[in-house]
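Scroll down for the structure; my scribbles are underneath it.
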Amino acid sequence: MKHLGKSGLAAAAAAALLLSGCSGQSLEGNNDKAAEGAVTLKIAFWGDMGLDKLKTQYEAAHPNVKIVLNSGEYNAQHEDLQKKLVAGSGAPDISAIDEGFIVQFRSQADKFVNFMDKGGADYEAKYLPWKWKQSLSSDGKQIGLGTDVGGLAMCYRSDLFQKAGLPTDREAVSKLWTNWDDFINVGKQYTAKTGKKFIDSGTNMFNPVLSQQAVGFYDESEKLQMEGGPKVAFDVSMKAVDAGISANLASFQPNWDQGFKKDQFAVLACPAWMLGHIQDTAPEQKGKWDIAAIPGGGGNWGGSWWTIPSQGKNVDAAADFVKWLVAPEQQIEVFKTVGNLPSQPALYKDAAVLDYKKEFMSNAPTGQIFAATAEQLKPQYLGKKNGPTRVAVENVITQVQQGKLKSANAWAEAVKQAEKASTS
Amino acid sequence: MSLTQLRPSPQHAAPPPKPNRAKLWLYRFDTKATPYIFIAPFFIIFTIFGLFPIIFNAIVSLRTWRLDDPDKDGWAGFDNFSKLLSDSDFWNALYNTIGIFILSTVPQLLLALILANLLNRKLSGQTFWRIGILLPYLTPVVASTLVFAVFFARDSGMANWFLSLVGYGQEQPLDWRADKWSSWIAIATMVNWKWIGYNALLYLSAMQAIPKDVYEAAAVDGAGPWRQLWRITVPMIQPVVVFTVILSTIGGLQLFNEPMMFDENPQSASGGSAHQFQTIAVMIYKVGWKDLNLGYAAAISWALFLLILIVAAINATLTKRIGGDR
């Protein structure tokens with residue numbers, strides 16, 4: 001009897017759990033419908049996209065709309081979105097997607113609201129053409145409206161440059177390196193004089209150079225093109241590694257963050273959003289950083305879109321909010337708050353962008369610098385397998401930096417790994 | 001059993017007061033069905049969270065399911081499995097998994113056994129030590145792995161600082177992630193650190209059940225502490241040893257967090273620049289969520305499942321032999 005009593009208790013407890021689970025759900029449902037016509041929009045993104053103030057503003061203007069902001073970790077947010085799309089439910093009403101993931105989601109366009117059906121066609125002319133194209137599926141569905149772009153510039157430590165006897169003025173520094181060979185030569189000078197490394201990693205040479213090429217890993221017919229742009233970028237990165245100017249640090253890792261503080265590198269290819277990262281990682285280096293033009297001109301790294309998963313219940317309200325969010329006033333507001341550069345070229349002529357100076361970066365006119373590089377950019381098609389292919393080639397560069405592979409044999413290995421990734 | 005015996009069988013039921021049919025039905029229901037209802041929650045939950053995923057996974061492994069190419073969905077037969085056999089990445093991951101598994105499981109269980117033996121003696125602050133060894137187990141694995149990733153850093157990592165004390169790596173500090181042997185040692189260290197205390201406590205609890213007079217008799221016969229450990233303690237706690245061996249086999253072969261987070265670029269899930277320490281679990285993650293090939297990922301999962309079954313069976317047989325045949 002005692003045993004029966006125990007298991008009975010357990011069963012009762014289990015039943016109670018099940019019941020409470022159900023009632024919890026129904027309660028939630030009731031709350032949603034409590035206010036007549038009320039709509040709750042859940043927005044997923046990463047880091048800080050400057051939405052806090054805009055949220056209050058929009059809610060005040062639209063009393064029936066409640067906005068819930070969910071800021072998470074960059075990779076986790078994208079992977080979570082992917083899982084919810086597979087599951088068919090649970091996705092946020094609005095989700096930010098970064099350039100690194102846009103290809104993956106573009107090929108699942110059926111799972112997103114097509115902005116072409118929501119009057120999005122009017123927006124095409126407002127955007128940088130390549131930005132518009134990147135989120136466009138092969139059958140012409142527009143899955144998102146662009147918010148920011150990551151126009152590239154070159155950040156440098158003016159204090160370290162001074163010690164090495166290099167010019168520190170941003171105009172003069174820009175003139176030092178009109179192309180990447182010059183850049184590597186400056187690095188050699190720096191390393192010879194100070195005994196310290198110049199750049200953080202060979203992969204951070206490869207990526208910006210690749211983004212400046214007309215064709216990246218894949219052409220528009222999804223064919224792997226290693227001998228074109230990738231070869232140029234790979235050679236530059238190998239030259240830099242062989243010159244001994246690379247600190248061989250993997251980006252965004254603890255070693256890299258330490259590298260900032262310990263002056264292990266003096267330059268960093270930086271898109272607009274990188275400024276926030278430098279500021280967070282090494283706040284004591286305020287005024288020691290400055291921004292010059294990137295060798296070779298132009299280039300893009302990152303930047304995001306606002307998308308609406310079609311499984312949501314309030315897609316119309318979500319579309320209204322996204323359209324409001326990408327309107328000029330709000331984009332400028334975001335630029336001022338967090339520094340993300342808008343993707344609509346008309347705004348690059350706006351005084352608010354042009355006059356903006358970043359105090360942390362020695363008062364550099366970041367608005368002007370980044371706008372200029374974003375406009376110069378040659379559009380590049382990102383293939384379906386762009387992500388895995390890039391990782392495979394980056395790994396080969398890392399192997400060279402680790403001394404596992406001779407730079408002379410590296411290109412053959414890179415081609416082999418890229419081909420493997422292209423069929424993965 | 002006692003309940004069923006006490007119950008009068010229907011034939012022998014006293015006839016005079018006609019049995020109430022509803023009551024009789026309730027009575028039967030109670031004796032026949034109730035036990036099943038009581039054990040049902042486990043089976044229901046197991047079916048939903050255990051059995052269903054396994055079967056679903058098996059079905060997915062026979063299909064082409066690519067997230068980046070929804071048009072290609074369809075039955076693939078055994079394509080995913082034949083791809084697996086010719087995939088050098090898979091064999092490399094298998095090699096890494098087994099290598100790291102041996103490097104982590106063997107020292108882990110041996111050290112746990114010795115530690116438990118030490119804790120089984122009279123010590124001052126006994127509870128403190130016993131709780132103390134469990135602390136690594138309580139630390140979230142992601143947190144501890146991040147700390148270890150810094151510990152094993154190439155520049156200014158603590159591990160390299162220790163090495164420099166004995167004069168190693170003055171000019172060229174050891175890059176722990178660069179080679180198979182060094183990365184395996186680093187990862188095995190993380191696993192050992194986490195699980196030694198947990199296994200030691202399990203062994204300790206089993207050791208406390210061994211009667212003291214057995215040891216006294218052995219001591220009288222002249223057996224030293226080392227001989228006592230191997231000839232008395234280990235055979236007598238053998239069921240727990242089998243349990244820990246199977247558990248660490250499952251855990252060791254599914255190793256994911258440590259190699260994933262140890263990577264220089266964890267986002268890539270490539271397990272090192274040349275997959276030096278990519279385990280099967282990390283490879284499943286990469287194939288599924290980075291290459292977006294869910295069908296192939298499911299096939300690798302099944303291969304891992306079979307591998308664990310085989311290795312666990314071998315280990316259990318071996319371990320049983322240690323104590324049983326003596």
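Keep in mind that glycine also has a Cβ here, set from the backbone N, Cα and C atoms.
Curation does not apply to TrEMBL; its annotations are automatic.
Listed features, source TrEMBL:
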DOMAIN    B:94-315  domain 'ABC transmembrane type-1'
TRANSMEM  B:36-60  transmembrane segment
TRANSMEM  B:93-119  transmembrane segment
TRANSMEM  B:131-153  transmembrane segment
TRANSMEM  B:181-204  transmembrane segment
TRANSMEM  B:236-256  transmembrane segment
TRANSMEM  B:294-318  transmembrane segment
Touch test for the transmembrane segment (B:294-318) and the transmembrane segment (B:181-204), at least 3 Cβ pairs under 8 Å: no
Leading contact stretch, B:36-60, B:93-119, B:131-153, B:181-204 vs the transmembrane segment (B:236-256) - CB distance under 8 Å: B:93-119
Beyond the flanks of the transmembrane segment (B:181-204) by at least 6 residues, Cβ under 8 Å: 96, 99-100, 103-104, 107-109, 111-113, 115-117, 119-120, 130, 132-137, 139, 141, 144-145, 148, 152, 159, 174-175, 237, 240-241, 243-244, 248, 251-252, 255, 258-259, 262, 272, 276-277
Positions whose Cβ lies under 8 angstroms from the transmembrane segment (B:93-119), at least six residues beyond its ends: 126, 129-130, 133, 180, 184-185, 187-188, 191-192, 195-204, 207, 225, 229, 233-234, 241, 244-245, 248-249, 252-253, 255, 259, 271, 275-283, 307, 311
